[in-house]
């Protein structure tokens, strides 16, 4: 300070991000004013970043405190009164049971919460060629009311969080996943524990490179990637796809070296001419990913069964094949089959007839053959 005194500033994440003191009425009112400015300009979705750390209380962990939830309730009340229909999305990269607490009672806090357990569980399923953990977790999903839904994603500008896996997978499996990804070039951010040990909390890698091995062919890489995103698009809720994913980006090690932090691996910036040229080149991985993923998104938008409010069931056909069923109020049903393994899978599913929307092949009998990493949307 100018008078040579010392003032301590709270930085939950890093010294370039100073926390706000919501105990101060002036700060709280200033942030409400920011919200009102967004609403005045027509914002339809308001994302509350790392909102779990909003309130600080000495002697506590300073996360998920009651007054944090009270402030979210205040913001929800303002939005409901001033701009009904605007959606609050809370971003809390924490274990699943803590994450869903931000729905509140179903009509007084978040409309959507980031589905942080989905990215590492889908990655685990593809890496292990086993859907059992993913299915078991998904079968437990429930919403507190019809006014809420999930904000589903697989990748973002941050890394793949590991805390959302804790309580869902044994720590030994989490550590094994981290080690396998490190061997394939992923970077890891670590948390220092009070006892002097450290724990991995985030894998830094593009989702493309997380799913495949270095020696994988582009054809295999694309198939795994499209499989993972077909799972994302089939889940109940609203899907979001990170720009680096739809562009088919690979790990940017040069960016990490230049900027000096691990998250830069998945934040590459492009010149428009460069990215346009690669997307238009039919021989590139980017072209294949962009066009296949765009086709899946278009298909999803064309079929009402995928609406966030429509019914969802999930089960395992075998340890490597998962089945998702989405149905609407009119009784129409769409069945997704997902082979997460490198092997051809022959499955017997009674009563499943229709057309695979992806391959445009008719499914006539009970015996279905799935190629490695193949997805079917049968209707």
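Backbone N, Cα and C define each Cβ position, glycine as well.
Because TrEMBL annotations are produced automatically, they should be read as predictions rather than curated entries.
Within the model, the domain 'Glycosyl hydrolase family 13 catalytic' (3-132) shows a mean pLDDT value of 95, rounded to a whole number. Sequence annotations record features per position, and here TrEMBL assigns domain 'Glycosyl hydrolase family 13 catalytic' to 3-132.
Counting Cβ atoms from all protein chains shown, residue 158 (substrate binding site) has 16 others lying within 10 Å of its own Cβ. Secondary structure at residue 158 (substrate binding site), taken from DSSP and collapsed to helix, strand or coil, is coil. The substrate binding site feature in TrEMBL is assigned to 47, 48, 49, 157, 158, 263.
Per-class residue totals from DSSP over the domain 'Glycosyl hydrolase family 13 catalytic' (3-132), listed helix then strand then coil: 56 helix, 13 strand, 61 coil. Every protein chain considered, the tally of other Cβ atoms within 10 Å of the Cβ of residue 263 (substrate binding site) stands at 17. When Cβ atoms from all protein chains are considered, those within 10 Å of residue 48 (substrate binding site) total 21, not counting its own.
Reduced to three states, the DSSP call for residue 263 (substrate binding site) is helix.
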